[in-house]
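Peer 1: Okay, here's the structure, questions in a sec.
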Amino acid sequence: MDPFTEKLLERTRARRENLQRKMAERPTAVARSAPHAKRGREPLSEASNQQQPLPGGEEKSCTKPSPSKKRCSDKIEVGAPDLENTEPIDVAKPCSPMPAPRQAKPPAPAAISESVAAPAALLSADRGLNSGSEASATSSVKTRMQRLAEQRRHWDSDLTDDVSESSYFAPVPTEDKAASPSKPPISNASATPVGRRGRLANLAATICSWEDDVSHSSAKQNSVQEQPGTACLSKSSSASGASASINSSSVQQEATCCSPRDGNASVRKDPSSNAAHGPLLSASVSSSVKASSPVTAATFITENREAQNPELLHKTASPLKTEARKPCEKPTLSQGAQPKEEANREVCLQSQSKDKLATPGGRGIKPFLERFGERCQEHSKESPSYRASHKTPNITPNTKAIQERLFKQNTCSSTTHLAQQLKQEREKELACLRGRLDKGNLWSAEKNEKSRSKHLETKQEVHCQNTPLKKHQTVASTPLTSVTDKVAENEPAVKLSSTEPAGSTESEMTKSSPLKITLFLEEEKSLKVASDLEVEQNTEAVREVEMSVDDEDINSSRVINDIFSDVLEEGELDVEKSQEEMDQVGAENSEEQEDALNISSMSLLAPLAQTVGVVSLENVISSPPSELRDSNLSAASPKPGKFQRTRVPRAESADSLGSEDRDLLYSIDAYRSQRFKETERPSIKQVIVRKEDVTSKLGEKKNVFSGQVNIKQKMQELNNDINLQQTVIYQASQALNCCVDEEHGKGSLEEAEAERLLLIATEKRALLIDELNKLKSEGPQRRNKTSVISQSEFAPSKGSVTLSEICLPLKADFVCSTAQKTDASNYYYLIMLKAGAEQMVATPLASTANSLSGDALTFPTTFTLHDVSNDFEINIEVYSLVQKKDSLGPDKKKKASKSKAITPKRLLTSITSKSSLHSSVMASPGGLGAVRTSNFTLVGSHTLSLSSVGDTKFALDKVPFLSPLEGHICLKISCQVNSAVEEKGFLTIFEDVSGFGAWHRRWCVLSGNCISYWTYPDDERRKNPIGRINLANCISHQIEPANREFCARRNTLELITVRPQREDDRETLVSQCRDTLCVTKNWLSADTKEERDLWMQKLNQVIVDIRLWQPDACYKPVGKP
């Protein structure tokens, strides 16, 4: 037995002993009136957490001195005041329970895991009402009576009070019993023989009923657990209510509300049924729903007994006769009254069970007895007889009408009940959902033997219940009972307003299902283990929504969907799965499908019932495509599958056993495995390259570069560029053809710009044609030569050349004359830079009018040519354009304007003059007037190379004699090598230490032109290097492995550097002084041959780049090449 169950049993035992001690200490009571006797009976008045009692009119009678007797009768006895009062106002009083003390922890269903016979012996005959059906097969009537008599012998002299009361209460008409089916006076052992005979007669009738109906133990057990003034709650609901009652804090409110509802309901039922058994009929509705077949069998037996012994029937309210009469009288009563009456009574039951099940007979013991009966029913449920015993009562339109009428009559007293009931439903939701979360995979152990019974139970309780609460009573399904009780202890009480509107009819309440959404809210909270603040916020939202549960003008489902739209996506998964199972089970019974399904605001937890009750792994089925069900549910819906819900597609197969397991992982390892699988990344094979073959890498790079340049593709690109330039030439020519006079732009800056564009396009087209011809003539042979060279030697890296601060000096005489002559011609200059066909740029136009700075024209633009090799050649070409002013005076213009008449001679003259004027342009191969040649003329050129770096003034070639240019061009040229050779690693360096050679392991970093080394890698960021080796000072033609004759260490490379000699230099093992230079021999040893080769490749690349791009910055190599 687990510690939790043992603790519950200990607390129950302590409570019982405390009650016995308290009752023994009470003095012998004299005959008292019913209300006073009722007030005096408070065995648990000193228990912890007791709330203030209600007014005396609403207190419960409790005159029996023994807790054992209370337990024996606490579910079926009729309260003394009930039997005396016949008016409905008085009838209501006994049903209002005293504020039950909040017990620290009610007994959990786990405590009921014992066999059926064992608890009967444990609890003695006082619990025989719960276990009598099982024990009746092995005990006789005489044995039981003896046991009861012996049990009551240790009760003290207080019994006289009870005897007088019981003998006085027994003959009262049973019409008053309708108010509250409380305890019948069956077991008072006192000095008065009448009282004893009456009790024994009652007990005999009860036991006879058990023996006659022993085969239907499960149904009887379920109904024996009824509470006074309440309908017989199904086992799961009772357990759920008992477990959820831990955090209840509204006993008085609920107890107060319970009274008027039951009284009114029973009074209204009397005209339509036997007055003596109205309440008993209503109390049996849920039992008949759960197991109508066995109870009906018991009905015929007990009815025969009633005909034979009517006096005994009035005197004794045997629980089994009560149970048996209910289904028997159901046909006589229109079935609408039953569910409504049961709804009212179940509301009261929920309130009482939530608050420690405060019943008149035994307030502290009821939860344990109920759970014992529930466990017994669990065992009996597994048998086929139990499954076969489920029947569904038929519901007619008259039933619905009576239900609505009764509900309207009771709305005044049900307002507070609704609020309290909704609160209990919230707590049960949380308990069940967290029970699911805690239970995890443990459900799969009971899958084979209990899944079918669970399906039937859920189907009948959700699909076939007539009352609002019955739909909710399946929340605590049997596998969840113990977990529910455990979780309920830590569950925060959800406080709801007690002034909730409750004026809508049954059919109106079926249109809204806010609690379904509330279920998803609570489920999300339990699954995510939200913080208390988040729980309070969600509860506030629930409270706001629940205030309009029964408002007929608001579609609560739509409102809550808006509020909890994000919660629905997660919560609907399990509900949808369960809903499909409900549809399948419901389709098997055509009779049940014809019945109407009444859903009120009290029964909106049906989705929860489906989720929890059908959560076994067999229900994992593929959901159909997503669809939105209708928000409003018709009252005559034949299936429970019409609740409003958003179907969420779930990609799971029917045989996927792990679907629920994936949702509710039960261990950290399982969660981690699931998480890693879900976030599985593509497998990346990480390789730490310490033996990289740089030679092959460089070879591949060069081969790829040469191979990727397809000849045909290159030729196609050149042709496209040629066509593009041809288009530019044509457009520029058309623009220039329009410049015929000053009015049309002749001599303007626009004309000069058009000439510039024409010049650039023409020159570029010529370069592209030249490149195309080279490709056609040489083909791939020329590129193969370069690739062979690059493979045999280390190819230098590409670089970039930057030209800036370009200026073009002019002759001083020309500058002076231009300044004096304002009507002189305009001189435009243009510098064009050519570095092959693909890289050609031109400067903007510079004129003597606006770009003259001193005696030179300045070009502020900076040009950078990228990806040029070390043997680059940049051709600088200077072009000039002279725009002369119009020499015609104003008189000639006037005369020309006068002769406007066109004569044949003038027309011929104009044609011939135009032809002579544009004769130079007509020679274009594009046709007459198609294209033009630029009027820019070349006035100087120069070729720049790497050797030009460092100079700023270059002489121009081909300068005309009368040109205004001085003959030089000034610019600044700079080069940058795009070499990104870097390497890091450990090398062992040979050093001279006091004349002795020593190898020291260093962390070496090759960056730029230097090798810097430290002792440790971390020192690179914190300390200055121990030493540096400048590769620009290397005089070796190529870095090679050290000669083994001089250096025996393997994997060693030799690097010889020189530097100017210093005064303190002297010869060591690694350095020698020659003339004015100090030559140092550096031996660097790698760990492996591959690493040595890698370092050699990197160092050689750096040396090549230095020597080719910075020839003046390094020493020339010495020795053989």
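Just so it is clear, glycine is given a Cβ too, placed from its N, Cα and C backbone atoms.
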Peer 1: Among SER272, SER351, SER659, SER897, find the residue to which Swiss-Prot assigns the annotation phosphoserine.
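Peer 2: My reading of Swiss-Prot gives SER659.
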Peer 1: Quickly, which of SER259, SER293, SER963 does Swiss-Prot have down as phosphoserine? Just give the residue.
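Peer 2: Going through SER259, SER293, SER963 one by one, Swiss-Prot flags SER259 as phosphoserine.
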Peer 1: Going by Swiss-Prot, point out which residue in SER578, SER656, SER948 is annotated as phosphoserine.
Peer 2: SER656
Peer 1: Going by what Swiss-Prot says, which of SER180, SER383 is noted as phosphoserine?
Peer 2: SER180
Peer 1: Could you please provide the mean pLDDT value for the region 'Interaction with CD2AP' (1-154)?
Peer 2: 53
